[in-house]
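Now, the feature entries from Swiss-Prot:
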REGION    1-30  region 'Disordered'
TOPO_DOM  1-542  topological domain 'Cytoplasmic'
BINDING   G87, P88, S89, G90, A91, G92, K93, S94  ATP binding site
REGION    321-349  region 'Disordered'
REGION    362-395  region 'Disordered'
COMPBIAS  362-375  compositional bias 'Polar residues'
COMPBIAS  377-388  compositional bias 'Acidic residues'
REGION    439-463  region 'Disordered'
TOPO_DOM  564-579  topological domain 'Extracellular'
TOPO_DOM  601-621  topological domain 'Cytoplasmic'
TOPO_DOM  643-657  topological domain 'Extracellular'
TOPO_DOM  703-787  topological domain 'Extracellular'
CARBOHYD  N762  N-linked glycosylation site
TOPO_DOM  809-817  topological domain 'Cytoplasmic'
Amino acid sequence: MARLERDGTNKSLESLMDSHKPGGTTTNLNQLRTQKSIPGYGLEFTNLSYSIIKKQKKDGVWINKETYLLHDISGQAIKGEIMAIMGPSGAGKSTFLDALAGRIAKGSLQGSVRIDGKPVTTSYMKMVSSYVMQDDQLFPMLTVFETFMFAAEVRLPPSISRDEKKKRVHELLNKLGLQSATHTYIGDEGRRGVSGGERRRVSIGIEIIHKPSLLFLDEPTSGLDSTSAYSVVEKIKDIAQGGSIVLMTIHQPSFRIQMLLDKITILARGRLIYMGRPDALHTHLSGFGRPVPDGENNIEYLLDVITEYDQATVGLDPLVQYQHDGHKPDPAAMTPVPKPPRTPYRRNTPASKHMISLRSQGFTAGTPQPDSSQFGLDDDDNDDDENFDNSLERRSVQTSRNIVTSGVYPRLASQFYQDFSAKDFSVWLYNGVVGTPRRPPSWTPARTPGWTPGKTPLSGPRSFVSNQHSASYQDPYYIQKTNTVVGQSMDYSATSYAPSYEEFEIEEVLDEPDLGPKYANPWLREVAVLSWRTVLNVIRTPELFASREIVLTVMALVLSTIFKNLGDTTFIDINRLLNFYIFAVCLVFFSSNDAVPSFIMERFIFIRETSHNAYRASSYVISSLIVYLPFFAVQGLTFAVITKLMLHLKSNLFNFWMILFASLITTNAYVMLVSALVPSYITGYAVVIATTALFFLTCGFFLKRTQIPAYWKWLHYISAIKYPFEGLLINEFKNNRGCYSGNKADLSPGPLGDVKPSKHHNASLPLNCLLGEDVLSTMDITMESLWYDILILLAWGVLYRFFFYLVLRFYSKNERK
């Protein structure tokens, strides 16, 4: 029931599927845009900062340096609008998008992200949002319709009938303009398929089939021509107008695309330079003192200004400070002084700094040079010689530490709260929605009277207080900034509160509502749907298993013609049997290596699909095993039948096949585990070959168990080749009362070596006679039944599959550390 309630509330968002219906909320959304956004509504982010530790060489010594990729970014994105994130290369656009989407590991991201005034957990963000990656990770052998149907099957609950899912898929195809490509394969380098623009729209479609409340897109126009790029953004605009919150990164949008954007966020070195409407950027730059020249594009001109300041001694601080509080910089700062060129032989000594100061005064034509302390620049923090990336270094760890210990937290951008200075009621409302320091749990925002636990924050009714305030609130992003905002009524820098990550986590635990099931479908249904897709891929990629079947068939024929008749009972045939069986096991092992590149290519699709709870990792592991089992059975049976009949083996055919079948299952599980751990198929091949060599060396063929040094004997017991090799020998020689005869000289050289008679050997046997048990005793095989070997082999296969699941579940996550 909880899931159905959540699905019902998502429908109230007037998403893409319902935006065209009469009586929808398009008019209401337009009214909201005219009434402006309010705190406690939409997606709010406060003081987002993210840093990493980088090793840098300074004065010949490697040191750890904290580098900020995001620094103190605050703002809001509301329903029905597109927020485009822009900036120069390395500005932190994708990092910022990942921070909002919950793709940064816990403990690394500072600040808070809220939806409708409620703090969000990573699991909740996955349930209400979708993320379209920059690379289109799709199965090339599926058609567009099949790709959408799979997304509908795993993203929509079973309460929705299959006919309804098909109807929704066709509606989505029409909305995205993919009607003509409905039954076209996605395609790849080897098979022609949809175009680049259509492929991008398919990637967007599979992420919105379940009508998410938030949609994140990383460079959706990358690699597309201008017409295709405009078409993609136009469809994204339709999605936003359906009631979703859309945030996307974009690089150098055309003028037509800029006209489709509702709000832009421009970053540089992880710092916020501008957030607001595109048509207000001209006023923003004029207020800063850098009006846009006639004929210039506003965004491109701002990027040029950013580059100019970034390469100057003053840095980006004037731009950041003006965006933060509307403080117009000193006139000297509006003409940035270029940095002197760096050379390997020149350091920033005090004398050189003095010379730079003199040059700066001359460059500004008599204008007083601003004090470096005005923008937080210290002489001791000039590390430009070592800073070779486009990220922001922490200016002063001690300063931030003093802020925390004093209880004064960094305030929000004035654009976000400047309108709350008019009345004490507004101040109280702001503190009540965003949060005040040290409030008892009973006064947390989640326990305000307007919160209804049965509905998600995005679709539930807003609180009574928020509705009262919405009529008088004015969007700070749409208002021209003035210099009289700060200090009119009170200083919010000492009272505004940005909850720390630890407090944010505690609030989540206390106030998280019942979100219903984490996944849309039960486990068995996920297995069935994933198995259906895997079968389609296997059928349309016959070379994957056909090549392995051909290899095993050809090698079975070759081995049969090389070893000829192995049914004779001479000493020479004993060594020939041992050689044949060890080669058969190794052949089966190496035939599974083709799973390395196939899974590595599929792994990126798995990460994309599971990053927002499309299905469970366990469903994926089990479904792939179910589909592959019949192919393993056929391959093992083919090899067993050919060699059994042509070589006249005395072994039991069913047991022979079962051992090969179990070997294929286990080796495939092992190769899948390796491919899940390595970054590329080249590394995967290297690891598989190296471990196979160790397994081969310690399986008991070259060195018997008693001949292996004690400190390496553990390798003998974990060898994946040991158990099938022993099982095949037991199947051939166990309970074989026939007598192998010949000269002892025929036993050496060979793998058998010196004979060690078994307990079944007695004096009544002929002089030069060896029983099958004698062969097993000589090979140090003490297992009483081959089924023990089969069970142990399958147990290793289960263990490999379990480790494979753990890697997929906990290691294969698309998040920053």
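Numbers here mean position along the shown chain, with the first residue as 1.
Cβ coordinates are placed from backbone N, Cα and C, and glycine is handled just like the others.
Each residue in the topological domain 'Cytoplasmic' (1-542) has a pLDDT score, and their mean in this model is 69. For the binding-site residues given as G87, P88, G90, G92, the lowest number of other CB atoms within 10 Å of the residue's CB is seen at G90.
In the topological domain 'Extracellular' (643-657), helix, strand and coil residues by DSSP number 10 helix, 0 strand, 5 coil. Only residues 6 or more beyond the boundaries of the topological domain 'Cytoplasmic' (601-621), in the same chain, are considered here, and those with a CB under 8 A from a CB of the stretch are 103, 123, 126-127, 129-131, 133, 135, 137-139, 151, 154-155, 207, 212, 518-521, 523, 526-527, 529-530, 675-676, 801, 804-805, 808-809, 812-814.
The list of residues near the topological domain 'Extracellular' (643-657) in space but at least 6 beyond its ends in sequence, with Cβ under 8 angstroms from a Cβ of it, reads 556-557, 559-561, 563-567, 580, 584, 636-637, 727-728, 731-732, 736, 738, 786. In sequence order, I85, M86, G87, T249, H251, L267 are the residues near K93 (ATP binding site), counting only same-chain partners six or more apart with C-beta under 8 A. Sequence-distant contacts of the topological domain 'Extracellular' (564-579) (same chain, at least 6 residues past either end, Cβ-Cβ under 8 Å): 647-650, 701, 729, 732, 738-744, 746-747, 750-752, 768, 770, 775, 779. Counting other CB atoms no more than 10 Å from each candidate's CB, the binding-site residues S89, S94 peak at S94.
When the topological domain 'Cytoplasmic' (601-621) is classified with DSSP, helix, strand and coil residues number 15 helix, 0 strand, 6 coil.
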